[in-house]
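Some features that TrEMBL has for this protein:
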type     : residues    : note
ACT_SITE : 50          : active site, nucleophile
ACT_SITE : 52          : active site, proton donor
BINDING  : 50, 52, 277 : Mg(2+) binding site
BINDING  : 252         : substrate binding site
């Protein structure tokens, strides 16, 4: 994927003509350029940014993103980072923001991810003192649960099975009595296997046991675009199917993430813009919760995806605005 840094280009600022596409109907979504973005700014108090594909790609910053975020903070706009990646804690993501050159005012408390939301949901659920959480999830979820003192088990590799496998399908040893398991949490975990699936499904047979999922993204970005990297979605689907239970999924586009943000920042949805690179998570999250929506074309989805969604009647996945990347919203005088 080639990303042009508009801040490094001499000449006039990126304008609406640079975004025009002869095959794209601008009555569906409007292109944002520096001029139209400036006109929109007085009507927005809060910007919620997705991370991967918007601020960075993997370990590399997307050129122009730090300067656009810095401009918004200096313009007294609230900036919140909302990612669907629960593999790392908010503290780790805050260090990444600093390393990539983003404004130092963006710290752990400016970040939201499913790990933080699911830990908060468990804390608010008020599980009895003897209740534990069976966790299928990465380090980020463990860190956030540790911060809130939530007791969990089950993460990491399963112990080596020394049996001959003859009884494997019919008998499995559960670490905890199902009566003492208050929740099952499922997120991305590279150690997911049949043992974990069977344990989760059995714990969830108790109706008191909550079923929480971090997110249901089908795949996640990886260093090799030709390799499909499954995210939490396939794991959640397996536990859903085996247990017969529907999860409460906390990540975008679902409501728990929005409720988490609204409780902490008391945002006004009508004066808030969601900025992301995916129509099915970022744009849908914004549209479902009454936010203005901006799709950046520096990540996953492109103009063709907007057209496909509109053609198929998926209007909750059609953004209000689109632009090439965040840097394209800055006027030329702010590029230096």
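Note: Cβ is positioned from N, Cα and C throughout, glycine not excepted.
Automatic prediction, not curation, is the source of TrEMBL annotations.
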Review point. Residues with Cβ closer than 8 Å to the Cβ of residue 50 (active site, nucleophile), same chain and 6+ apart in sequence?
Key: 81, 82, 83, 84, 252, 275, 276, 277, 278, 281, 282, 299
Check your understanding: Per residue, counting other C-beta atoms within 10 angstroms of the C-beta, which of the recorded positions 52, 252, 277 reaches the highest number?
Key -> 252
**Study point:** Residues within 8 Å of the 50, 52, 277 Cβ centre (excluding the Mg(2+) site residues themselves)
**Key:** 51, 53, 54, 55, 83, 276, 278, 282, 296, 299, 300
